[in-house]
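Colleague: Grabbed the feature section from TrEMBL, which reads as follows:
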- 12-31: transmembrane segment (TRANSMEM)
- 91-110: transmembrane segment (TRANSMEM)
- 130-157: transmembrane segment (TRANSMEM)
- 178-205: transmembrane segment (TRANSMEM)
- 322-341: transmembrane segment (TRANSMEM)
- 361-379: transmembrane segment (TRANSMEM)
- 399-422: transmembrane segment (TRANSMEM)
- 443-468: transmembrane segment (TRANSMEM)
- 474-495: transmembrane segment (TRANSMEM)
- 539-559: transmembrane segment (TRANSMEM)
- 571-590: transmembrane segment (TRANSMEM)
Amino acid sequence: MAILSAVATEVFIPVAAVIGIAFAVVQWVLVSRVKLSPAAASAGGGKNGYGDYLIEEEEGLNDHNVVVKCAEIQKAISEGATSFLFTEYQYVGIFMSIFAVVIFLFLGSVEGFSTKSQPCTYSKGKYCKPALFTALFSTVSFLLGAITSLVSGFLGMKIATYANARTTLEARKGVGKAFITAFRSGAVMGFLLASSGLVVLYITINVFKLYYGDDWEGLFESITGYGLGGSSMALFGRVGGGIYTKAADVGADLVGKVERNIPEDDPRNPAVIADNVGDNVGDIAGMGSDLFGSYAESSCAALVVASISSFGIDHDFTGMCYPLLVSSVGIIVCLITTLFATDFFEVKAVKEIEPALKKQLIISTVLMTVGIAVISWLALPAKFTIYNFGTQKDVSNWGLFFCVAIGLWAGLIIGFVTEYYTSNAYSPVQDVADSCRTGAATNVIFGLALGYKSVIIPIFAIAVSIYVSFSIAAMYGIAVAALGMLSTIATGLAIDAYGPISDNAGGIAEMAGMSHRIRERTDALDAAGNTTAAIGKGFAIGSAALVSLALFGAFVSRAGVTVVDVLSPKVFIGLIVGAMLPYWFSAMTMKSVGSAALKMVEEVRRQFNTIPGLMEGTAKPDYATCVKISTDASIKEMIPPGALVMLTPLIVGTLFGVETLSGVLAGALVSGAQIAISASNTGGAWDNAKKYIEAGASEHARTLGPKGSDCHKAAVIGDTIGDPLKDTSGPSLNILIKLMAVESLVFAPFFATQGGILFKYL
């Protein structure tokens, strides 16, 4: 037996989640101390720099106006983001209700809607609850997952729009103060999301247990709906938000920077508010839902496999909750890690920003390794068995420790490789910047090559972790390896949300007309944020590959397929079609961004040409029209890619059966992971090559600049092409891989009994 008792487990998981939520609230209170009203902003003394003299005062600028302006801009961004999300959620709500009915009908029909107990699939000689009730509970958990996903995305956006102007105002006191404000706000989102995801899942399991009693097989099968709900909302959040943000960004850059030669985030640019709103709905609300989805799914995949292993058969509650215990330890570890950035060490200079963020990754990984070792020793029996395609495999507790740890460290490796390829401190991005000497074409060629090359090491890291964890603990090993990669999700999200917040802060500084010294500080925060956003995307893609493989394993086990034979034509046609899906999906999302950007460019040009005094700065642009163009385009355009992902498994499973569907899932996983990594790294590299030229920090960079030179214009074109790659197609692909797998798992009982209509009658 395990050392940790079932009662201790029942206490530890919710307590860890509550601590995480409390920590998020404390960070939020600290951020809210920065005041957005002129009187409060200049008064007050004491620690945390409230009494620090302001640079603005030396330069004799009127402090009062700047604060008022920042508050106005922040309000506009916040209102734009809120109204977009509400519009999006109305459409998503309709989809949610329809899909909930589909889940109920499909799963209920497995036993012909009978309410009699059925013989269990795995525990021979026992009776399990009727399929009709599993259908009902799966539908409920789907709705719970969806709502949690939407709420976590929405709260993240609210926090980010609350913190952006506060970061700008803190930048007047120094780069360290601004960094802490942006980082703390990121931490609020990270901890809220990790804790709420854990606590909702935990409560759901305990409530469902009241009905299921000893039938753990049915209980954890119905819990898989939670992962499906989380990810399907993430898909719409990512695609809708990604189209929104990039339509505005491309429109603003092409007309503003390239045609009109005005700086980025210039208040004269009509698309500038839409651009800043986009950062919040795409990078924050979308990213939050995305990682929440991964987290929910890897937990669900591990729980499904565990329920048919010795944990489930012997009703060992502590062993069963091992995935949740790992996440609970993760919250505590991330809490300690966050204090290193905000309280133990202070960032004083620009060059300390990126190392401070990198230290977060390293500290959390090292501490988490210790945490996993302790929890594996406490929560797992010394020896147990894991279900492995029809047989039970003997595993030891230190074996599972290795599985989780290898996922955790693979995540760190992927993070650092991504950083090497996307940060302008290293040669790959500098080479891309250098290639701008000969124009945009060479810049594009170099950028694409960099993206393709950046796939190599992450794929090897994923491959090694798959091989090792599968050898140790079969499919359960892969599921907990994915959980290991996501166990430090609170820190990962804090670093990730920090990026868009500092990006917005820079935009607000420019629009409020602050001095160039402050803009330099926010630019430094933003450049570090760009790299960390790329690291975050690397994590998301790496974990998506592991999660979907674990879900694939759970699906194959649940559908009763013992071997997937690549040589059988049924499987092979699935493979080749599955490998095509990420391209089809990317084509849809890229084209959506292109057509939305077209409308935006036309509108921005129209305003520059028809509003007298706009270029001189005497007249105000019409921001609202641009916000409306982005909103309408993204809502309309998110539906076809969403439908492609959601309908594929249903159609393939129903018409062609589980073998072809397993081929489709494998094909999509294999090709999707590559495209996703290369797309997001190419885009990140082009963006930072442009920033490298703009900052002019080194001798080499100064020979390419200044802003407005031919080199710089070539870099802006590269950056504009990279925008939909890194913020729409790339990040949405990891949801495509996971979502198809989790959906197949939820519908597995239906496909196994009723699927494959075409092959039955042909």
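Using N, Cα and C of the backbone, Cβ positions are placed for all residues, glycine too.
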Colleague: Can you say which of 12-31, 91-110, 361-379, 399-422, 443-468 has the most Cβ pairs under 8 Å with the transmembrane segment (322-341)?
Modeller: 361-379
Colleague: Contact between the transmembrane segment (130-157) and the transmembrane segment (91-110) is defined here as three or more C-beta pairs under 8 Å separated by at least 6 residues; is that satisfied?
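Modeller: Yes, the stretches contact each other.
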Colleague: For the transmembrane segment (361-379) against the transmembrane segment (474-495), do we get 3 or more Cβ-Cβ pairs below 8 Å once near-sequence pairs (under 6 apart) are dropped?
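Modeller: With 3 or more qualifying Cβ pairs, these stretches touch.
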Colleague: Considering only the recorded stretches 12-31, 474-495, 539-559, state which has the highest number of Cβ pairs under 8 Å to the transmembrane segment (399-422).
Modeller: 474-495
Colleague: Go through 12-31, 130-157, 539-559 and flag the stretch with the largest number of C-beta pairs under 8 Å relative to the transmembrane segment (178-205).
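Modeller: The listed stretch sharing the most Cβ pairs with the transmembrane segment (178-205) is 12-31.
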Colleague: Six or more residues beyond either end and a Cβ under 8 Å away: which residues meet both conditions relative to the transmembrane segment (130-157)?
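Modeller: Hits for the transmembrane segment (130-157): 81-82, 85, 89, 92, 96, 99-100, 103-108, 110-111, 113-118, 189, 192-193, 196-197, 200, 204, 208, 211, 218, 221-234, 237, 280-281, 284-289, 292-293, 296, 497, 746, 749.
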Colleague: Sequence-remote contacts (6 or more beyond its ends) of the transmembrane segment (12-31), Cβ cut-off under 8 Å?
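Modeller: The answer is 4, 159, 162-163, 166, 181, 184-185, 187-192, 194-196, 198-199, 202, 321, 324-325, 328-329, 331-332, 335, 338, 342, 490.
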